[in-house]
Amino acid sequence: MRNPTLLQCFHWYYPEGGKLWPELAERADGFNDIGINMVWLPPAYKGASGGYSVGYDSYDLFDLGEFDQKGSIPTKYGDKAQLLAAIDALKRNDIAVLLDVVVNHKMGADEKEAIRVQRVNADDRTQIDEEIIECEGWTRYTFPARAGQYSQFIWDFKCFSGIDHIENPDEDGIFKIVNDYTGEGWNDQVDDELGNFDYLMGENIDFRNHAVTEEIKYWARWVMEQTQCDGFRLDAVKHIPAWFYKEWIEHVQEVAPKPLFIVAEYWSHEVDKLQTYIDQVEGKTMLFDAPLQMKFHEASRMGRDYDMTQIFTGTLVEADPFHAVTLVANHDTQPLQALEAPVEPWFKPLAYALILLRENGVPSVFYPDLYGAHYEDVGGDGQTYPIDMPIIEQLDELILARQRFAHGVQTLFFDHPNCIAFSRSGTDEFPGCVVVMSNGDDGEKTIHLGENYGNKTWRDFLGNRQERVVTDENGEATFFCNGGSVSVWVIEEVI
């Protein structure tokens, strides 16, 4: 795949009502036209809140909108037939499809069980109370509406290591379940935040139970056969032992008919933690570049006071570009969400130019930046806020520019705190470009491109600058950009 470009084609507040799968089928041609060649679908299986579930409250991995469970047959995004039709339309347009894998926890159990638990200090999960409490917990998953179709596996308390609510006595908190697998405490090879960040929410899946790991491998084989997907996005891997995903990825790559694209979400702004995880899984997955996303957030808030020469310092794409999926926003960082770190709209064209037109990393585009989003929700202060996420003008042109002009050797001109630039040399087959941007006043860069680019007329593909720039016989010229803007200069004859 030339210049892979990923679209996250949903957001947290995408409307319910089964609209997404039909929308994707309808938009598939348009994705192809602008240069999107890979899409990340939201969790396609039934969540605990049924037709209202975003998908991260995972209930039944085998219900792709086919069974009357949790008050609905379709998921929030549509039914199984609509899902498969959307995937078919995307594939007809040579667009690879990634499925979202949420196997850290389950929610919405069908039955209670008598269980034994120990209280856990929420601020230091390594502190586990010695007292064992006899109680009941919602830990048994039988999926009665599915009635054993596709899988007869029954989840019970032996499949989980933790829970956040018990009954008889009724109590909320974090509790470690006592069973045959949890004697040593939490799983290892997870993030060390809060002492041990194995537990996140719901019924925490325990990967030390061999039957559980085999069931999740079986599900992967099943869902690949059902959907013919081309890869996976792995949710919340900082809470899942790295050894499990190394093993799981090895398995799915072995049984897949072709190599799968796999990217994991390890949300940490410490690049060392991301590199440690990559080492633990022996480089078998890419990771989203959370440090870079935070840099974009900070730069957009600071304006001209942000030193653009440092925009990639301490990021994964700088440290390990071959394992970095770069992004400007996602469903967790959008306003009013758990990891809220929005990038101001004025800066988004600059940020997208930096991930789409450079050679490093695989860029991910966020659905609302292409199509807009309007919603309201309650903030941390209890107040309700209306949110308007505008369409980012020229984003479709930047994506197209990636396919047409982001080729060849890259040279950086990061020599001014406000105005930076980079060039792509082009190849024998595809032309290159010069990208200039400023977070302050109007900017300019004098760039020597070499004799092969002598006496050429250049224009701004985005149309932000109206003048033409002509290189001298040695291929040197001064290229411009507006203040708080970006320009993509290309040879006029190739537009």
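Backbone N, Cα and C atoms are what each Cβ position is placed from, and that goes for glycine too.
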Candidates HIS165, HIS239, HIS251, the one Swiss-Prot lists with ASN104, ASP198 as binding Ca(2+): HIS239
Across all protein chains in the structure, which of the recorded positions ASP198, ASP235, GLU265, ASP332 has the highest Cβ count within 10 Å? ASP198
Alpha-carbon spacing, ASN104 (Ca(2+) binding site) to ASP332 (site 'Transition state stabilizer'), which is rounded to whole Å: 17
Could you list the residues of the same chain, at least six apart in sequence, whose Cβ is under 8 A from the Cβ of HIS239 (Ca(2+) binding site)? ASN104, VAL190, ASP191, PHE197, ASP198, TYR199, LEU200, ASN204
So around the Ca(2+) site, ASN104, ASP198, HIS239 aside, which residues have their CB within 8 A of the centroid of those CB atoms? HIS105, ASN187, VAL190, PHE197, TYR199, LEU200, ASN204, ILE205, ALA236, LYS238, ILE240
